[in-house]
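Asks: Residues annotated as repeat 'WD' in TrEMBL: 188-222. Annotated domain 'Lethal giant larvae homologue 2' per TrEMBL: 232-339, in sequence order. Among the features that TrEMBL reports, region 'Disordered' is placed at 506-557, 628-651, 829-860. Taken from TrEMBL, the feature compositional bias 'Low complexity' applies to 529-546.
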Amino acid sequence: TGLIATTVRHGFPYQPSSMAFDPVQKILAIGTQSGALRLFGRPGVECYCQHESGAAVIQLQFLINEALVSALADDSVHLWNLRQKRPAILHSLKFNRERITFCHLPFQSKWLYIGTERGNIHIVNVESFMLSGYVIMWNKAIELSSKAHPGPVVHISDNPMDEGKLIIGFESGIVVLWDLKSKKADYRYTYDEAIHSVAWHHEGKQFICSHSDGTLTIWNVRGQGKPIQTITPHGKQPKDGKKPEPCKPILKVEYKTTRNGDPFIILSGGLSYDTVGRRPCLTVMHGKSTAVLEMDYPIVDFLTLCETPYPNDFQEPYAVVVLLEKDLVVIDLAQNGYPIFENPYPLTIHESPVTCCEYFADCPVDLIPALYSVGSRQKRQGYSKKEWPISGGNWGQGTQSYPEIIITGHADGTVKFWDASAIMLQVLYKLKTAKVFDRNRSKEDKGSTETSDEDPFAIQIMSWCPESRMLCVAGVSANVIIYRFSKLEVTTEVLLEVRMQYELNDIESPDGGGGGGEQTSAHPTPGASPQTSGPPSHPSTSSNNSDGGNIPCLKVRSTPLKQSPGYQVDLVVQLVWVSGEPPQQITSLALNSSYGLVVFGNSNGLAVVDYIQKTVVLNLGTVELYGSNDPYQRQPRSPRKTRQPSGGLCDINEGSATSEDRCKSPTSGNLSFSVLLRERKGGVHICLVCLLLPLHCGCFTSLCFLLTVLLSVCPPRGANPLDHRDNSFSRSRSSSVTSIDKEAREAISSFHFCETFARKGDSTLTHCLYVGTSLGTVLALALTLPPAGEQRQLQPVIISPTGMLVRLKGSILRMAVLDSTGSQVPPAYEPWYEPNVTADGEEREKVRKRRPVSVSPSTSQDLNESQYAVVCSEKQAKVISLPSQTCIYKHSITETSFILRADVVQMSQGVCVACFCANGHIMTLSKQNHHIMSSIKLFLLLKLSFKVRHKCLS
């Protein structure tokens, strides 16, 4: 258990409930409803503590420059020592008979005043943390001013000019000025509306109260009876002089003076009742001006930061810290318009909900500076020019010596890169993937996005190569975007787009009923106009497209896209609607920069895209990956009609082509469209579609082509041969899903690029792609790549399935390859180079001839059993010896739960499999220390327990 010493929590405190600020140390404390305590200082200084009881923190008070007092909902009070590396509780006090409602600790005082629900006030000595015995009883405080109980204590504060005088506010509207020495009330002030808060003028001659009807009352200390002024900040003033209409309660007010101007009255709440749907507001009243500052979330608390900690001097407020339910905002009071400070803390992780997350350790040393360099130019405008005012604490020495990066994908399509090398997270760079798409959809187009209309740009999966800096993201709208990293700004005239269509034609059973077919599409006869990738408003010239065929969920923008330094779009791939049915969401994604390939899969099958040549290399249904070795014995389905497939390519010259030009036949453009037909028992099976081959020069390198690729997977084995008799089609759905249908919907769950033995008994290493499925099968594909350089630009990549490697229980989550010493063999990669080269021809030639870095084992090793494949599923982990493909060890990780996430990690002790289980456990499985050739045994190395919310798992 000594391997993991600390758990670091990043992000905004969950359900914040209270806040305090130390004006000398300049430290902010935030308490939460679960008893957590977060301390914030200068950027990079942060601390997390937890009350053992887990009760809500109802109030925090700094013993300024020394300690912190916390009051909890379980009626306990705690004193925290802040003068040690990790804050700890020095003293605690528990009330058994009374409920704590309010605490006050005067500046430079040793007395802590605690108000209760019964209306009494107890005084605690802070040094000994024991009750002093001095109690202010509610009946003594109000005496005959009220016949009824005044309610709980809602406020206590000492007169700034005389700490022997206390203002006590009771909920019912009674305020008492109590003399501590004479133990009696000097004055009582009564108002007929409930009180929420009280604040002093620094001279101690006036105070202000906020009330439940949206009014503020200002009182002279020596005045009796009525307030000297009543203000309704948001109330409409009637012309006949009557009282303004009541407003919502003013929950808190602060009264801060300035030496050379009017005082500031700052309040939360108090809005008019007719402002339905208006966002929560903080109101700043300064002289004759009233500024209403809208907040994104409800206000939990706010504090005014002042130049002096002394309450009896001019306060000179310079900022307001506003704690919201899901954010922390600091407002600059000294600048016109009250701009906010740019928040340097990593609290904005969930600014838009996180939809996926990836972690990378031991990144290239130049990567974080490169991301920071482009990210620092993304500064948003409109922030205060001053330094962040919460600036206390000192940086500790980080223990990590290697760069760590966390990447988060968000519901709004944003991708954020975070430096996680230190204990503190720091935003390095933000990428907005939604910029690629046209946000202005017409009414006709909106129907095509109904599957993900709430967050159509949400990021679902990310794949990143730190060495080459290539990034690939898959969105919830069945789109894949490939990015390259560049330090130079470019303008892309027309984005290159590949549209993909996976189809299983409908099954016509003898009785005419549907057989549960997948997405369907009727293709035009060879003489008809092909389906093209024109705008969704003109989906096609063919009549069968009236119900939404060949339309992607999102429309790629057609106007020039200015791409700043950083990540720039290289290729957009979209799956399209077929016959009114949306494309299946992408379930797996992988990228390899050495091979120049991106592979993605869904519940239908997989597709491999060559992003160097901008072509689709392979598109196969999951069933076809098995070949004749399908373990599920899927039965042939009913005979059905099939049609000659046809696909179209668009040639858009500098974006000036007309809609007529976009609908040329496949043979009329500069690119040829080839379909490989392979004979099979019972009919023709289309197994490889859309190899894009240049007819003349290397025209693929131009970004002026908009490629449309219609990818088709034809009938399962046993279907009829092609039938050209009829160009119509029928579309029906079975009301129930059979077990055969479930098996047919075997989704692709994971990928792994590697250099290994592709087939059983091979003696040489081959470029490979391992494919894991939701039914626990690992299949291998052998990759044949053209030589590097010019031939890589022109010759096609050839991919051939080599059969099944292994089967496990549950969906495959992670795969890895180890060498004969038990060390992980990372995939080959290409080092990063500047893609937008502006140098001369010689420099361009150097870039073009760069060779990828291969990290495969040396050929001098014994090749008899020189590699091992480690595979982890939702239930099991297995170790496979290669090239014999024999299972030498298997381990059942969980029987009662399932693994949510797994990774194969190279640790100092060797390789281990780390698993995060749905029951909240983290488990690490490791090989024993003896030589991996004798045996690889997985055992439980470490087990941690986390509270996992079911909501998070869904």
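Yeah, the Cβs are placed from backbone N, Cα and C, and that goes for glycine too.
Curation plays no part in TrEMBL annotations; they are all automatic predictions.
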Asks: Can you work out which residues elsewhere in the same chain, 6+ from the ends of the repeat 'WD' (188-222), have a Cβ less than 8 Å from its Cβ atoms?
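Replies: Sequence-distant neighbours of the repeat 'WD' (188-222): 142-143, 145-146, 151, 154-155, 157, 159-162, 165, 167, 169-177, 228-235, 246-255, 257, 263, 265, 267, 269-272, 311-315.
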Asks: Would you mind giving the whole-number mean pLDDT across the domain 'Lethal giant larvae homologue 2' (232-339)?
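Replies: Across the domain 'Lethal giant larvae homologue 2' (232-339), the average pLDDT comes out at 90.
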Asks: Could you tell me how many residues in the repeat 'WD' (188-222) are helical, how many are strand and how many are coil under DSSP?
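Replies: Counting residues per DSSP class in the repeat 'WD' (188-222), I get 0 helix, 20 strand, 15 coil.
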Asks: Which numbers of helix, strand and coil residues does DSSP report for the domain 'Lethal giant larvae homologue 2' (232-339)?
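Replies: Helix, strand, coil within the domain 'Lethal giant larvae homologue 2' (232-339): 0 helix, 48 strand, 60 coil.
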